[in-house]
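See below for the structure under consideration.
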Amino acid sequence: MMLILGLLLHCSIETTGEKVNCSMIGKPEYPLLSNDGDIVIGGAFSIHNKINLEIPSFTEKPHRLMCTSLNLREFRFAQTMIFAIKEINNMSSLLPNISIGYKIFDSCGSTLASMRSSMSLINGQEVTAEQTCFGKTAVNVIIGESESSSTIVLSRATGPFRIPVISHFATCACLSNRKQFPSFFRTIPSDHYQSRALAQLVKHFGWTWVGSVRSDNDYGNNGMATFVEVAEREGVCIEYSEAILRTNSKEKIAKVVEVIKSGTTKVLVAFLAQGEMDVLLEEIIKQNVTGLQWVGSESWITARYLATERVSKILAGALGFTISKSKISGLKQFLLNVKPSQDPSNTLLREFWEMTFDCHLSPTISPQTEYDKYCNGSENLSNVSNAFTDVSELRISNNVYKAVYAIAHALHDTLACKSSNGAPNNTCGKKDLMLSRQVLQSLQNVNFTIPSGERIYFDKNGDPTARYELVNWQKSEAGETSFITVGHYDASGPKEQQFLMNSVDIVWAGDSQMKPRSVCSESCQPGFRQAVIKGRPICCFECVRCPSGEISNSTDSAECIKCPLEFWSNENQSICVLKKVEFLSFEENMGILLTAFSLTGVSLTIAVAIVFYHFMDTPLVKASNTELSFLLLFSLTLCFLCSLTFIGRPTEWSCMLRHTAFGITFALCMSCVLARTIAVVMAFRATVPGTSVPPCSLPLQRTSVFCCTLFQIIICILWLVLAPPKPYNNIAHSADKIILECDLGSTVGFWAVLGYIGLLAVWCFILAFLARKLPDNFNEAKFITFSMLIFCAVWITFIPAYVSSPGKFTVAVEIFAILASSFGLLFCIFTPKCYIIILKPEKNTKKHMMGKGHAKSH
C-alpha cells in the first residue's frame, strides 16, 4: 500500500539537486489556515466533527469530502499553534532572522480526511502539471492529530519519509512503537500510563465490579485493553465491556446504553474520544440513566463544553486523569482578536463568526435557515463564553504550545549544526536545503524550558514524562461545574508513591458526599473466606465460614489460615486464641467430689486407728496383730492421700510423686495384707493339736513387709532415673483444647509398678481363699478374700476404662480406682472388727473367742 502511495506522491520528496518530471494527480487540497515563512510547519486538527459521505455512483468522479459541525475546541488548538508561531517569530533568541510559516488542514475527525490532509502536507499544492517540479517536502514537521486513529494514519503516511509528527492529543500506547512509527513524537503521555493510573484509581476506591465503554478505534481499544489487563491483575472485574463509534447507528448506541442501564455495577469507566462521548451522552440522557460513578479518560474529562446543566446531572462527581493545566500568557487576548477581517476570504473564520454570534455575515446573501439575523464582523468576542474563548483549562492547548516550541528548538539546533547527521552535501545550516530527517534527529534530542517554566524533552519512544492530575467534577456555589484537582499520578516515581490523593473532599456521583460501593458480592467479614461461584468472575463469590481451628482475620480473605498447634479459633473464627488448658482441678465439681471422698477415707481410717488404739488391750485387737493393723491403717491413709496428688495442675514434681507415691503406698498396703494373711494361716496351724506358733513369726512378717515394699521402691527409683513422668500438653486428643497431663515417661515403668501391686494382690487373694474355712473367731481370711476380690475387680476394670477415657477423665478413673480399692480394704478388713468392738463388746472377750474356737474344732 505504501508503495502505491509513494507512486502517487511527489516523485522525488527529498532530492537535493536532481530534476525529475512529475505532476500532481487530482485536485489539490488547500489549508484552512496558512501563512508563508522561511520554514513551514504543518498542522492537522479536527476543526470539524463530521463529514458528509456520499455514496459513489461509479459513473463520475467522487465529490470532495465536505466537513461540517465546527469544533470550537479544536479551532482553539489551531489558533494556539498560530499564537506560538507568532510568539517565536518575535523572539531574537530562538531562530533569529528566520520566520516560521504554517499550513493547517482539517482532518474532520475522520481517518479518511486525515489521509487526505497527510497527502496535502507531504506533496504541497502545485497547481500546474506541465512544469518540471523538484525539491524537498512541503513541510519539515507536522503537528497533529487529536485522535489516535487519525494520528496513526498520518504517521504511517509520513513515516517512510522521516517527516516528524508531533501529536498534542493522541495517546494510544501503540504509537510508542519506534519500529512502526519512527518519526512520531507527542507532548501528551501515552495511554500505557493513563490506563494503569485508571486501574489504580479503581482499586484505590475499592471498586472491584465495574463496567466499561470505549471508542471502537485504536485509542479506545488499546487503552481499554491495558486497563482491563492491569485491573484484573489488581482484583477488579469487568461486568461488561462495550465499544461504540460516533458513526454507529442510533439502534447500536441504544443497545449499548441498555447494557449499561441493566448492569449492576455502580462505576462506569469511559475510555472514549469526544465524538463517541457526545453520542453516548445523548442516548444516556434520553434513557435517563443516572446514579453512575463515571471514571473518564483525559479525552473528555476536562471538556468544558460538556459541563452544561443538562449533562452535568449525568456526569456530576465524575473522576478522571488529565494532564496538568497551565497558563499561556497572552493567549486569551490573541483569541479574542480573531476576526473575519483578518482574512476576509477565509471561509473558516466566517463560519466561526457566524456560529459564535448566531448570525449571517453577508447581508447580500440570503441567511441560512439556522441564522435569522445579520452581523458585520465587528462584534466583540470578550462577551462570548464558549469552548474557543475559555482558557481556564489550558491543558491540550498547552500541549500544542509545547509542540510548537519543541519544533522551534529542533529547527534552531539543526540550523546551528548541533547535530549534522543525515545532512548530505554540506546542507547543514542551510534552511532552504534542510531535510526532515535532520529535524527528526534534533527533535529527539531537544531539552529546554518553555516560558511557563515547564521542562520539555522526549524519551527514546518520543514520549514525555507521564504526569497526571486527578480531577473531580464539582459544582460551585454559583452552580457552575468546576474541575477540581483531588490527586496526582506520576509514573516516574516508585510504585507505592505514584498515585497520591490530596486532602480535598471528593464529590461523588449525583453530587453525593458518600463514596459509592461497587462490588459483585458483598465483602466477606473476618471469619469467612471467599468461595468463587462457578461460571462467574472471581469478584463474584460466596462467603463461607472458616472451619473450626482456622481463621480469617481480614475482610475478603481468599483462604482461611490454620491456627498454630497450641491455638484454636474463637467463636467467630476471626482470631486464634490459646486453647483452653484442661486438667482435673480442685475447683471443679469432679475435683471437689473426689477430694471429699479422699478426705472421707482418711478420716475413716484415722477413726478406725483411734478405735483400735483405744481398745488395743482387748482380745479382738490383740488377735488382729496390732502392729500389722496399725501399719495397714497407716498405708491406707497414705493411699487415700496419694489420690490428691492426681488433682491440680501437673508439674514435674507432682507427676513424679503421684505415680511413685501410689505405687509405694499400695505396695506397702498389699505387703501388710499379705503378711496378715500369712499370719492368719500360721495362727490357724498353731490351733491344731501338736503345733505352735513359730517364735520368729513377728520378725518374719516385718521382713516380708519390708522386702515386698523395698522391691516396689527399687522399681520406682529406676523409673524416675531412666524415664521419669513429666507434664505433657496433649493436643492430639482434642482439637479445641490442650489436655495437660502427666506423660508416663516409660510405660514399662508404669505397668511394672501396677503389675507388681497386682501380683501382691493375687498372692493375698490365693492365700486368703485357701484359708477361708478357718474357725469363726478367725474369719479375717474370709474378709481379706472379699477385699482382694474387690481390689482385683477394681483394677481389672480400671485398665480398659483408663485407656478409653478422654482428657481429665483418665485421671478421674485412676483416682476412682485408688479410692475404691482403698475403701474396699478398709471396709472389708476393719469394719467387722469395729462392729464387734463398738456394737458387740460382749463378743470381744477371750473366753468367747476361745470357747467358740474349741467348739468349732470339735
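Residue numbering: from 1, along the chain as shown.
Heads up, the Cβ atoms here are built off N, Cα and C, so glycines get one too.
Because TrEMBL annotations are produced automatically, they should be read as predictions rather than curated entries.
According to TrEMBL, the domain 'G-protein coupled receptors family 3 profile' annotation covers 590-853. The signal peptide annotation in TrEMBL covers 1-17. Positions annotated as transmembrane segment by TrEMBL: 590-616, 628-648, 660-684, 705-722, 750-771, 783-803, 815-839.
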Subject >> Annotated stretches the transmembrane segment (660-684) and the transmembrane segment (590-616) touching (3 or more Cβ pairs under 8 Å) >> reply: no
**OP:** Determine which residues of the chain contact the transmembrane segment (815-839) at the Cβ level, with the cut-off under 8 Å and only residues 6 or more beyond its ends counted.
**Re:** 584, 594, 597-598, 601, 604-605, 608, 611-612, 615, 618, 620-621, 624, 629, 632-633, 636, 639-640, 642-643, 646-647, 662, 666, 669, 673, 676, 779-780, 783-784, 786-787, 790-791, 794-795, 798, 802
Original post:
What parts of the chain pack near the transmembrane segment (783-803), using Cβ distances under 8 Å and only residues at least 6 beyond its ends?
Top reply: 673, 676-677, 680, 754, 757-758, 761-762, 764-765, 768-769, 772, 810, 813-814, 817, 820-821, 824-825, 827-829, 832
**OP:** For the domain 'G-protein coupled receptors family 3 profile' (590-853), provide the mean pLDDT of the predicted model.
**Re:** 81
